[in-house]
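Taking it in order: structure first as C-alpha cells, then the write-up.
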C-alpha cells in the first residue's frame, strides 16, 4: 500500500526570515509554509515574540537537518531597561520590582566581564525547556516554579555599545542554549537594580549571510509580482533558499563517488580516503555535487549513514 502524498510542494532549502516584532516563531513559520506551499516546514530555535531578526526556516528535506543549527552560535543586539525587573525578564511581562540605579561605571564593567567566557546559566521559568514533559512557561503561567539545573554556556564576545540613562545596549555572541533574557536579569541583580529586555534582535545564526535575510512583506511582494507576470510564484521565491545542507555547514564535508553513494543511500557504511578520523560529516556525491545526508565515522573508519535525504518525485 503506497503512503499518502503530502499536501504542498516538494521544496527543499532554508529561508533566512527576518522575524517581525510581536509575532510568535510558529506564526511566522506557518505563514512562510503557506507562501511557499511547502509540504513540510520547521524553524531552528524559537525567538520570543518581542524579538526580531534571523530565524532560519527549513523547508522539505532540510527539516531533517535543522537540529544541527540548534547547536550553532548566535549573535544578538539587546537593549535592557535598568531599574525594573519583570516576571518574564522582558517588556512583555509584569513589573515585579523597582530599584534605583546606584552602581558606578567600574561596577558595570566588572559585572559585564563576569558574563564573558564559560559560565553556568539557570534557564528562566519563561522558556520552552521541559520539566516532566511540560514546558517551563506553562508552569510559570500557573504560578508554579520548578527546579532547573544550571547549564554550561559560553559568551564568546560581549560588547558594550552604549548607556543612556536607564537604557543599556549590548551585543552578545554566544553558544547554543544561551538565554539573553536571563543574562540581562542576572546582570540587573549583580548591579543591584534589576533589569529587563526591552529590545532584542538576533543578528546572526551560524555563518549564514545577513544580507540574505528577507521579510514576510518581501515574500508577499514576490508572490504579487509573480501573479502580475502570470508566472509560478516558486520561480521568484525558490532562489531565496539556502542549500538544504546549510544547517550542517559547520561539519566536515566528505565527497564519495557515485558507486559508493548507491550503498550509502541504502543505509550501508562506505570507505572513503581523506575522511576525518571521527565525528559527524556532511556527505556529497562527488560527480553530481548532490547532498546525500549526514554520516558518522564508525569504529572501522567508514562513513556510516546517520540521516539521509529522501528524494520525492516532482
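One-based numbering along the chain as shown.
Every residue, even glycine, has its Cβ placed from backbone N, Cα and C.
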Request  = Please pick, from 16, 101, 200, the residue that Swiss-Prot records in the substrate site together with 43, 76, 179.
outcome  = 200
Request  = Sorry to bug you, but what's the C-alpha spacing from residue 48 (active site, nucleophile) to residue 200 (substrate binding site), rounded to the closest Å?
outcome  = 9
Query = Cα distance, residue 179 (substrate binding site) to residue 48 (active site, nucleophile), nearest Å?
reply = 10
Ask   = What does DSSP say about residue 179 (substrate binding site): helix, strand or coil?
value = coil
Request  = Report, as a single number, how many Cβ atoms besides its own are within 10 Å of the Cβ of residue 200 (substrate binding site).
outcome  = 23
All-chain count of other Cβ atoms within 10 Å of residue 179 (substrate binding site) = 21
